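*Asks:* Sharing a structure here in structure tokens format.
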Amino acid sequence: MDHSLLFSLLGFVFLASIYTSGAAADDVLFSQNYKDLWGNVGHVLHLNQDKEIQLIFDQSSGAGFISKEKYGSGMFNMKIKLPQKDTSGIITTFYLKTERDDNRDEIDFEFLGSSSNIKLHTNIFINGQGGREQEIDLWFNPTIDFHDYTLLWNQYQIVFIVDNIPIRVFKNKTSSGGSFPTQPMNIIGTIWNAPAWIGQVNWADAPFQAHYKGFGISGCQTQTTNDPQCQSSNLWWNEEKYWKLDSAQQKEYENVRSKYLVYDYCSKIASSSPECQN
């Protein structure tokens, strides 16, 4: 066999081994990429032939699931339908997180329950330091149907995306003194309560069910911090078009920020912080 062809084939096999395509995410079984994380018996229900998960929260327990592998970059997507009724005090999540807590990296979608208007809270932890919160009001009712929530994470930026609309951008500004997540992280989904943060739970409306589906993963599997393989331009989410928003995305992003932004930590910290500069 021609050696150049052999090396090309080996390269293809290697790339195929470090990420799982999410092209047909709705057809991927939960058990292919994920496993139950915590919760009492009957609080993680596998539905629709393992293509949908229901997490249940009641007075006895919350629940969660986690990816089987860790990732160092990717485009991570989940379709979620949030709990109905009065969800005061309840948080439903979809996020990336390192295994250890003390110096963790973490990228969060957190849905803050309410009796009326669920808020989407986002946060980023880097080497154990958080405090990078933003909140928006959603422009739809997230409890009626499934909506797409996506995290793009490459060496250039982190983008939080809702139904293909970017709602938050966190650029890599380490060259000017900023911080950026580099540690391998699992993908996690949970439902739990935080009474000290967002109020007491209305137990009269329990149990509360959060639905998840779309379990394909487009991500670079790794156990190594700042893995060069996860920065390869051969991975589609690292291509140049994912280095920044295009003009149409920028317009959508600015529209969301102007209409729905509730809180931005950058308005509370020194304006000289690199990560808060445009």
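Every residue gets a Cβ built from N, Cα and C, even glycine.
TrEMBL annotations: computationally assigned, not manually curated.
Features from TrEMBL:
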- Glu106: active site, nucleophile (ACT_SITE)
- Glu110: active site, proton donor (ACT_SITE)
- 17-212: domain 'GH16' (DOMAIN)
- 1-25: signal peptide (SIGNAL)
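Map these features onto the structure and tell me what's around them.
*Replies:* All protein chains considered, the CB of Glu106 (active site, nucleophile) has 19 other CB atoms within 10 Å.
Within the same chain, the residues at least 6 positions away from Glu110 (active site, proton donor) whose Cβ sits under 8 Å from its Cβ are Ile91, Thr92, Thr93, Tyr95, Leu120, His121, Thr122, Asn123, listed in sequence order.
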